[in-house]
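Swiss-Prot has this to say about the protein:
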type	residues	note
BINDING	D486, D492	Mg(2+) binding site
DOMAIN	553-612	domain 'KH'
DOMAIN	622-690	domain 'S1 motif'
Amino acid sequence: MATEFTGVWGRDSITLETGKWAKQAHGSVVYKTGNLVLLATVCAAEEPKEGQDFFPLTCEYTEKAYSVGRFPGGYFKREAKPAEHEVLLSRILDRPIRPMFPEGYFSEVQLLVQVLSADKQVSVQGHAINAASAALSVSSIPFAGPIAGARIGRIGGEFILNPTNEEITKSDLDLVVAGTKDAIVMIEGEASEISKEDMMAALRFAQEQLKFAVAMQEELAKKHGTVKKEVVLKAPDKDLHAKIREFAFDRLTLANKNADKAKRNDDIKAINKETVEHFKTLLAPEDKTKDIKHFLHELEYEVVRELVLGEGIRFDGRKTDEIRQISCEIDVLPGPHGSAVFTRGQTQSLGVMTLGTTSDNQRYETLEGSKEKNFMLHYNFPAFSVGEVRRNSGPGRREIGHGNLAERAIKKVLPTQTEFPYVIRLVSEILESNGSSSMASVCSGTLALMAGGVPISGAVSGIAMGLFSDEKGRFAVLSDIAGIEDHFGDMDFKLAGTKKGITAFQMDLKVNGLGLEVLQKAIEQAEVGRDHILGEMNKAISSVKGNLSENAPRITQKQIPKDRIGELIGPGGKMIRAIIEQSGSEISVDDSGKVTIASPSEESKEKAIAMIDGIFEEIEVGKIYDGVIKRIADFGAFVEILPGKEGLCHISKLDVKRVQSVRDIVSEGDKIKVKVISVDKMGKIDLSRKDVLLDN
């Protein structure tokens, strides 16, 4: 039976429909606002696969080219590999939805959100989260939702719910929040160095807006008559669990106090192996290896959390707000345009910068049309960084997401194209990882930019905050979490910013929601940590010369009249190609007449500028020019005195004495000095070498 709910959320009219399209899916919702139409579908396997011990959730967001009346690009003219922005939005769907499933639920779930009709002014992020949650809410799949998502902007100090794409370009905040009626589940976004107070105000505003979107979904599910499937989880063997606890708890506690990741992992593996062997022998012939390993993992979870919540001790002996040891090196590579290594504990990032020209802009397609980026940050996470062996198959969702977060953190401090007309590419090579590698990428990227002479408005540092909490109400917010604290913790909250304020943030949870008071403590504690990290970075920055690398191109920009662009390009591009070939510089011109010159050396730059200036220079009668013989005729020689401007030096004016043959005096390609005698109404230039010789 078809069910529909319509309501007004902020400035938007929202319609949710179910039971009309995609009825064989376990849950499906058509979500409409403006011209935007989303189809969200979800299906779940009846039972988990044999031996399954994790939750296999897949969330995918896809945009159909037909949604804006366009053909897909490429030879086959059909949608193929997801674009980077689709991958990023898929991650935004996954992160708030994953913690809302019951613990121990291991059936495979596939959630798809497709854009069937696009509205170029509607930002889709929050609506996509709502559509996904609504599909789960009307299904029988166990789900502790609904949750809602909203995008928040701020213009002129006023917060805006679901700003249009045009409004986002004017906003100093781009925040995507997901949550329940009374708790936050996920945060992601960027800002123009906002204060922690403004950040909290934005979260409070967002929390209020989410309530109505949650209520809409609840009303739809109620109308639809949704009945949730009861999940029957395997009852644990309490007796075996108690025996394993008695056998391994104290030893695991001691092993988890080792700050060295490799040594700690080796010790824990040895304890686990010994425990498994001991109980396999004890329980033979019954094989309970999987149960033993599961209980050991639960035991380590308990150990790590009790150390923090009960004793106030982190595995490496740090206080809850203490940052690991930091070291910074700059100019570590001679070839690149800028480089630095940032090390924090056992996490290390090599940041490498390359400067390019407008021809290096990244061009990409979205439903809003073609776009270009002049700054990009690419994050690489090789297997060796964590001492593993695996196939290198290129960047996955995690690499794309981490790179995007670091890129958003840094881009707010970059100079404008007018101030610094370069395209910038940063690469973060993770050399070793033990937590918070994306924030290490922010730090190494900032150092590489400054080492390479990019005039950024301020240094950016990043930190990852964690949380341990329990049912007794105890909680501890941890600064600069290591890998084990991320793995066993409840929160991974990354914040980046300058001394002035926050530039980027991302929060994931493993619990189904946090109150604003916990988030406020994390944001305040993060600011102290970021300031400490900036202090360590500044020690290295103080030695930076601030000059462009000798290997970097020299870029100059000139403005020429719009109506004379054709003169620079020349017929069939002849003129601009000649300047490029002769000067060795790369040259481009846009529709406004802005000319960009990228040169490998100062000499190349000066030559290109002189040739361009020459095109627009007015010929002066009586002035002596350095010319090049272009053609020879019986009656004289044609001499180029400025780019694209030739005059005739008649045979009678080639020398002070009588000339029998032009070739007796000059040949093609010869350089000679000539004086301009006259320029007629048709622009024909009369030249004389004879007058120059007589003057001398």
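Each residue, glycine too, has its Cβ placed from N, Cα and C.
Because the structure is a prediction, the values reported are computed rather than measured.
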Overall pLDDT for the domain 'KH' (553-612), taken as the rounded mean: 90
CB contacts for D492 (Mg(2+) binding site) [other CB atoms within 10 A, all chains]: 22
Counts of helix, strand and coil residues, the domain 'S1 motif' (622-690), according to DSSP: 7 helix, 36 strand, 26 coil
